[in-house]
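Per TrEMBL, the feature transmembrane segment maps to 15-33, 40-57, 114-131, 143-164, 170-189, 210-228, 248-271. Sequence annotations record features per position, and here TrEMBL assigns domain 'TLC' to 63-276.
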Amino acid sequence: MAMGSGFNQETKTGAFFMATLLIWVFSVLWEILINKRKELFPIVLGFIFYQSTNWVIPKLLRNRDPLFVNTCVSLLHSSTTSASVLFILVNQSIISNGVNVNQMFEHSQLVEHTWPWAFTALCFSCGYFAYDQLDMLLNRLYSGWIPSILLHHFLLLICFTLALYRNVTINYLILTLICELHSVFLHLRKVRRMVGFRDCNGSIFVKAEWVLNWTSFVLARVVSHILITVKLIRDASKFDKGGVEFPLALFGMAGMNLLNTFLGIDLFKAYRREMNPQRSRQNHHD
């Protein structure tokens, strides 16, 4: 009875997030087709690109497990997005001739201006989150009444598309995507375990992977998001009074920092299991 109730609740959860995704799709298509916002078309291209990759991977790797395929696509996204963010930042610093690099992070630059390629990169990444949301819903790659991954994508799609529609805080959102550097090692570990490489004892590769995992988690995810949050709070008075930009940005960063905390706890538990496999198996049997 309890299992049936849980299944029904997950079905309702899936229906809710599917409905919100369809509303989002309608909104984006309306902006592109009716309001002639052609600059938003990379959102569609991003969705098509990652969905096509989802179809190709099973044939290339001969593995049709939906979770494995989804994780491989996520690894591709984190790799391309982190590379794009680094390219945008380096390119902007070159344009600034290395003299006014500090001006890149002034309030007006982060809120009102858009660095070259930043808008397109954000659109393309937005297309990925829409694809990933749909893939997880169709293949039921989630669990619980309020799946954190579905909620995460739902909030990102809202924040990203509102910013893209209004063409504000684009550079701020590009900075938040620095965390994708850590996601590379997060997905890489997951793929590694899925293909059967689980034993850490004596493996230099796995140990090196964990060093990079923890380093990128602290620098690219925790520190960067805290600095962005501090920057938002310090510049609160510079936002338009009565506007939605500041409360939406602050709420979004608060959610990101909270998710980072939970992710850190899960990462630590996974680290202990891999570093002490015998103890983990013993506790499991107990």
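Every residue, even glycine, has its Cβ placed from backbone N, Cα and C.
Taken as a whole, the domain 'TLC' (63-276) shows an average pLDDT of 91 in this prediction. Highlighted: of the candidate stretches 40-57, 170-189, 248-271, 40-57 has the greatest count of Cβ pairs under 8 Å to the transmembrane segment (114-131).
Away from its own ends, the transmembrane segment (40-57) comes close to residues 28, 31-32, 63, 69-70, 72-73, 76-77, 120, 123-128, 130-132, 135, 161, 164 of its chain (Cβ-Cβ under 8 Å, at least six residues beyond either end).
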